[in-house]
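Written below as structure tokens is the structure these notes are about.
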């Protein structure tokens, strides 16, 4: 009987070794394939990130309102994009949590939590909700964090591992210092070229990254990796951005100091230069924001889409507001739905200013717009029945639905 038990134990251990399952998460054999570079079907998703094999560590530079230390970028998240640049989201409702702080405390991850409280900040001040959103939307879509990858799984164990890895990666990506070492520092007066930002980061990271701008000012940095092994303990290999080009202009990029409250000096527009993002004029994209995080955009029909290319819209002044058109035709509100097409009568839209203007009674003109949000009938909150994923397109309405969202202008 003892021999039989011993044999069974050995067989169990061998099985766990082969599958990569361990009490503390996957332990994968060396020399495994790198995510997004596999030569055939993947058998062990505990040791190979799939389908989200393009891992992003994303960071914010929030100057207005100033968020986090003045001499540091802050954490946005750890995202598993698919190898073609698309992504899954909210992949496992059974593992969505609303108590990240308590989970980390219960696991004794006090250092991680303390670091997050300083560097993982929500610009609205609700850090806990921000952390919950990042785990629920992105963490649940990382295959190596699935509960089957833990032999003696303890509830929420993968949540602690996710935030531990995120903090570890962020500590190794000091964007502020990297830029400062190249003479690129926050300023109310200076502007920078995208090529110089990329050269600075490439010298330390080894690859160009994605820089995103808001109203022509630097706002986000996205670092891309492929991973050999699990996301918890595997080898993170820098790679080029996949399907996410920088949204900053080639030149004239502002990098505003946090201690200025994001004050922006007067600017002049030279012939041929793009209009400032946020001003509904000329050509641009209509980007969608949900729970404070940009998530896709409106395509030419007016529907919301999260995995494809943004449609180019044209805004033209009309009375106290503006009209919008896409390649499909004029855009307007049809039975509370935002639509664009040849048979649509153009609506006159307005802009609502942050942070708390009473948009239900104000329609602001284009010249007053600053970081403005699209408004229909004086209201800047739109709605959808669900968040789109994959190839799904979702209509956008003004009448209340399950998902509230806002629509902003990104000039091109």
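Backbone N, Cα and C atoms are what each Cβ position is placed from, and that goes for glycine too.
As written in TrEMBL, here are the features:
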SIGNAL    1-23  signal peptide
ACT_SITE  76  active site
ACT_SITE  134  active site
ACT_SITE  138  active site
REGION    256-276  region 'Disordered'
COMPBIAS  260-276  compositional bias 'Low complexity'
DOMAIN    279-410  domain 'RNase T2-like C-terminal'
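Residue 76 (active site) is 11 Å away from residue 138 (active site) when you measure Cα to Cα.
Neighbour density for residue 76 (active site): within 10 A of its CB lie 23 other CB atoms from the protein chains shown. Counting only the Cα atoms, the space from residue 76 (active site) to residue 134 (active site) is about 8 angstrom. In three-state terms derived from DSSP, residue 76 (active site) belongs to an extended strand segment. Ranking the active-site residues 134, 138 by other CB atoms within 10 A of the CB puts 134 at the bottom.
Per-residue confidence over the domain 'RNase T2-like C-terminal' (279-410) averages out at a pLDDT of 77.
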